[in-house]
Every structure is written in structure tokens, then in C-alpha cells.
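Taking it in order: structure first as C-alpha cells, then the write-up.
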Amino acid sequence: MSSRTTPASPGVLAPSEPPGRRSLRARLRGVLPVLGSLQGYIGLVLVIAAGMLTKGQVFWNQQNLTNAVGAFASRGILAVGETLVILTAGIDLSVGSLLGIASMVSALLLVHQNLNIYEIVPLCMVVGAFFGLANGAATALLRIQSFVVTLAMLNVVRGIDRMLSDNVSVGTQLINAQGQLTPRSAQFQVLGTPGHNVFTGLPLPFVGRAGIYYPVLALVVVVVVFQLLLSKSKFGRHIYAVGGNETAARLSGVNTTYVKIAVFMLAGLLAGFAGPIDAAYSASADPLAGSSYELDAIAAVVIGGASLAGGRGSIVGTLVGSLILTLLDNVLGLNAISDNAQLIIKGLIVILAVVIQRPDFFRALGPAVRRLGRLTRTRTGDPPGEVASGSPQPQSATPPLEESR
Amino acid sequence: MKSRRWRLALTAAMLAPLAAAATACASTAPTSGATGAASKSQFVIGYSQSNNAEPYRAQLNIQLQYFVKKYPNLKLLPITDAQQSSAKQVSQVQNFIAQHVDVLIISPNEPAPLAAAVQQACNAKIPVIILDRSVNNDCYTSFIGGDNVAAGKQAGDLAVKLLPNGGNVVELQGILSDQPQIDRDKGFREGIAANPNIHIVAQREAKWLKESATPIMQQWLAQYPKIDLVYSENDPMALGAYLAAAGAKRAGQIKFIGTDGLAIPDGGIRAVQQGQMAGTFIYPTCAEQAAQTAEAIVSGKPVQKTQTLQVTPVTPDNAASLYAQYDDSKFQS
């Protein structure tokens, strides 16, 4: 992917540059492939443009964007883990259930054990990683297809979740005898209850002293960390290798079993990390929390340009896919589109986004556009009666264009 | 020749149960009451639940177990959970029929798919009690359910009371095709019609989910500078909207009305008690009436074909006492 992306970013390819700037250019070259081709951002730009055109300031303000991204943050984090699994040509259907059990565990630890968030979040990550490890072991060691393993795990984990909770949702806003939130409950709120931020009071860029909404921060940090892991580490290259051609990867010395187990475990770890965010967002853990989140996560990954056949995709792409999904929802909601119409529009736009972001989309479109352009030029130049006769003329000009492809 | 005869015999053997089943369906007419069962001392009840994983239904299960225990001559078999699958529920009901339970209680998942299974129970002369949701077959002995239109109507009346000068209302809806959603929406509109200055400025489907209601409410808060009241067709959605409003520091200007009124720490009654919601309505679980009706059936007493139960309004004044009355832990043993 990286070799293809560099030509698409114009500013970098200045033909001759003074040697002093070479280091900057080299540095830019190092970073830009991580961001992927500019084409990958077209869908996002279109959604944002639609929001700004129809709603202006109501859409494009920090509060609304924070709300929109925050609502999807836990699913975005799931999507990052899902990307790793999909890159190895596997799939993880259990991430929604893993998020559910992690959110329930976080609420139970808060309510019954009165732990603080620095204890709760790591414990939830351990829970998620444990089930992820089970997924990975069954897939890599028992050689069961990951679709089957994780579909089974989806049910197993949901069952455990429902047993833990006795089918009753667990609230995280505990009130003490004075009618105040208990200190631990108040602390738990910063994990994502709307209106509660971290780093408040610090003069931060962009957000000021209001602080940062933790789910958004968590999503960004997870994206950065895992994108660097993928593009800068040996392990990341091994993930692509396993997804590209597992046999070739194994023969060239990659421990494919280890890589597969590791990606499922990381997906579980991230689901465990996202669980408390989901619980704090709703100020309660529902026994059904996270149901069907796996579908949103997979959709974000695919819209972000990853191939379900493995070997192609990036974490930044997945972030773009997540943003498209949640901002689209936001724009449609702000425009008060009816619920039934929203389903249709969302479905169609998702397909459109995937098509536009294909690497070869514009190359395939190019000749057609140029032909259309010539046709209109002919039309305006010629008298109206001779439009049809104008068509043979451009055809003669077509072959050189075909060669350029 | 021999093999063909074998095949014929085998086919006949396979078809026999089918034929028997077909004639059984055709022959018997539905009956009510447990005829000739009065001589027994212990009667077995089978209960088919549509989905354990809803707090309302989890509460129903707990309460039914509690109320059945009050009658020494009744015994409740383990409750089956259809997990929202009508096909699963049909086979579970058929299992109860095969065990020949004395009374069958069903919370149907969907009206149409369960009709045939209910007919089989009627044919087997098993009295059937239907809870809450309707079924496309009226051979049952008794239907016990709450009145969702009335629940919506009372919420509308409360809105009129809370907004004497009128105002802007937003409505959070459950899954649009669910009957309780349709009925509660209808009732609410009837209720607020009393004051023409009350306008529903927006309505959205939040699928009964708290986590879906929060972003929707955030969008509304961004769009409408003046929202006076949120009507939500269940409590979790109302509380999700409350979180959004509290996060935007606008919860104080907005009244929240919910429905369901579960007596759990995370439920609607507590939220009214804590001042997050202006009111909610306890939608009856029907468990107590179901146990009563089952007892009446086995002891040969007459039962009403349709029992409609009213919702109980929860206000900041009565919330504490209602919570104590309906508290789940009271029913657990």
C-alpha cells in the first residue's frame, strides 16, 4: 500500500529540492504512508462537507464532534482490534460480547468491590485478553476457522455476562447516604459519562481548560499506538505477512501460530479496554451491552479500506471508517431524517464509500470522465444537429489514452 | 421384492406419527378449565418465557416463582427461555405439552408463530394463560396483560400537568414495529392533545436502548435551543437522554418521563426518587395474577378470559414506598 500512496500526495514530490530540506522530505515520506492515500479520506471529507453545508455551526463545533466521536469511541476501539485480526485473514465476531462482559465486570467491580478506575480498567483488559487468548488458541492450535470459534465465543461470553448480571443492568452512579455520588462512582464517570472530561484545568491546545473527553482521547491513543505497532515493528510486518500468504510467511520463518494467537489476544485486550468506556457512557452496564457492535466494527474496518481476505488495511483507515460511520449518523440525525430513510441512506453511503476508496477507482473513472469531457466540448462547439456525428471523432483520440493506462 | 416391502413398512412407520398428529389436530375442540383434574393434590405449571435477558422479564420470572410458591398445590417447572426466537419457543411449548403439564403459561415472543403451538396445547386439553403479548389464536383460557395505550395516555396527562403553558417535547421510541411502542406512542399523543400548545418537535427510534438514546439526545440539544420535556417509551432511554442533558448542563430545564418502573437499583423508580425523572409508570408484570389464575383453573373456579391490568404512576412522593413494595430482592428466596 505504501508504495502506491506516495505519488497521490502532491506536496512531497517536488522534483528538485535543496539538500537541506531532504531530511524533512525523508521524514514526511516516512510518515505519509502511515496516513494512507488521500483517496481514503474522500468519503470522510464528503460526509463532513454534507454536515457543514446542511447544518453549518451546529455540526462543525467542538461539542457536537466530540459527542459524535464519543458515541462511537468504544466501537472504534473494537474496530482497531478487529483490524489486526482481519489483516491476518481471520475474523473476530466475539468482540461485542467481550466488550459487554468487560463493561459488566467494570460495573460489578465498582459496585461490589469499590475499586478505583486504575484497578478496574487493567482488570477488564485482563478479562478481555483471556477470552481473546482462548479465541486465538482455538483458531491457531485447534485449527478451527476463526468465524466458527468466535461465533461460539460470542454466545459463551454473552451467557457468562448474563449469568454474572442475573439479567439485570448494573448502575454505576452510586449514591451515598447524603444523596451524593460516592467518590469512586464520581471518579468512574470520567471514563465516558457525557459532560465529564479528563485533564480539566490544564491549558491544552484546541480544547482549552475544559479538558478532553476520555473516550475520544482513548480512541486516538489506541489508533496511534497500534498504527505504529503495525507500520514500525517486526510484529506488524509479520501480521501483514500472515494475511498476505500464510504458507509463504511460515516458510520464511514467521511464527504464524504466535502471530495469530497474538492478534486475537490483542483484539480481546482492546475489547476489555473499551468495556469500562461503554459502561461509563451509559452510567450502567447492561447485560446486552455491545450486542451487534462486532458488525459496526467490521464495517468500520472494511470502509477503512481493509480486505477481508487479509494482508491489506491500516489502523488509520479503520479510524477513517469509524469517523464516516459516526459522523454520517450525526449528520442524518441533525437533519431530522426519518429513521427508516436513515437505514437506507446509511447502507447506500457505506457501499459508495467503499467503492470511492478503492485504489483503482479513479484510474478506472479517468478515461470515462475524459471521454465525457470531450463529448460535452464537442456538443457545445458543434451545432445541435450534429451531436451524433461528433462521436466518431473522439474515438480516434481514444487509443493513446488506453495506452497510458 | 423383499426390499421393497421393507421400504414400504419403513415409510408407513415414519408416516404413522405424522398421521396421528394430523388427526389429533383436526379432531379435538378447545376446552377451558382442567376437567377432571380436581382429584390431584399437586399441579404442574410450565412457563415459557420469550426472553430472559430483558430486565422486565427477568423480574417477571422472579415474581412468578415467588407467587406460585404461595400456593402449596402448585409446582412450577424450570422456566424455559426462548431467547427471542419464536422457533425455539414453539419447541419449548411443545415440550411442555409432551410432559402434559396441568397449566401452561406463555409470554409469546411474536403473535403469529406461537398460534399453532397454542392450538396444540388446547387440543391436548391443557389450559393456557397468555401473558402480556397477544397471540393469533383465541383458544387460550385467559389473557393477562397491561394496557400500553393507557400507559402512554397517562404519560401524556402527566406531560400536560408538567407543562401548563405548553412547550416543546421530544419523544424517544422503542423499535418502531414493536406493539408496545405503537400503543404507547398512540396513547401519549392522545394525552397531550389536551393542550394544543404542546408540540412534539422531534421523535426518533432509540430501540429501547440507553446507549442509543444518549447520542440522539445530544443531537437534539444541539438542534433545539428549547426542549421542555422528554417522553421516553421506556426508562433506560429516558435515563440515557438524561445523561446527555446533564452532560450539556441542561438537565435542570428539562422534565423526563419514562415508562416501565422497575424496582432495581438501576431502574426507573430509583431515578424518580433521585429526581432525575419527573415520573414513570410501573408496567405490571402480571406474575401475581398469573399465579392466581393458575390456581383458579386447577381448582375449577371460573376465570376471566381477558384481564387488563392498569399501570401504576410513580411520582417523587410515592417512589420510595413503591420501590419497597416491588423490590426484586423481596421476591428472591
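Backbone N, Cα and C atoms are what each Cβ position is placed from, and that goes for glycine too.
For A:1-21 (among others), the entry in TrEMBL reads region 'Disordered'.
Look at TrEMBL and you will find A:31-53 (among others) tagged as transmembrane segment.
Within the chain, the transmembrane segment (A:84-111) has long-range Cβ neighbours (under 8 A, six or more residues past its boundaries) at 74, 78, 119-121, 123-125, 127-128, 131-132, 135, 139, 146-147, 150-151, 153-155, 157-158, 160-161, 164-165, 170-172, 174, 184-185, 188, 226, 230, 239-240, 242-243, 246, 259-260, 263-264, 266-268, 270-276, 278-279, 284-295, 297-298, 301, 306-313. TrEMBL lists A:84-111 (among others) with the feature transmembrane segment.
The transmembrane segment annotation in TrEMBL covers A:123-144 (among others).
Sequence-distant contacts of the transmembrane segment (A:212-230) (same chain, at least 6 residues past either end, Cβ-Cβ under 8 Å): 34, 66, 69-70, 73-74, 76-77, 80, 83-84, 87, 190-192, 196-199, 204, 236, 239-240, 266, 270, 273-274, 277, 280-281, 314-316, 318-319, 322. The annotation transmembrane segment is assigned in TrEMBL to A:212-230 (among others).
Marked as transmembrane segment by TrEMBL: A:258-277 (among others). Only residues 6 or more beyond the boundaries of the transmembrane segment (A:258-277), in the same chain, are considered here, and those with a CB under 8 A from a CB of the stretch are 73-75, 77-78, 80-82, 84-85, 87-88, 90, 92, 94-95, 98-106, 117, 120-121, 124-133, 135-137, 139-141, 146, 188, 191-192, 214-215, 218, 222, 226, 235, 238-239, 242, 249, 290.
According to TrEMBL, the feature transmembrane segment maps to A:297-328 (among others). Non-local neighbours of the transmembrane segment (A:297-328) in the same chain are 1, 34-36, 40-41, 43-44, 47-48, 51, 65, 68-69, 71-72, 75-76, 78-83, 86-91, 95-96, 219, 223, 226-227, 230-231, 240, 242-245, 346, 349-350, 353-354, 357; each lies 6+ residues outside the stretch with a CB under 8 Å from one of its CB atoms.
The region 'Disordered' annotation in TrEMBL covers A:375-405 (among others).
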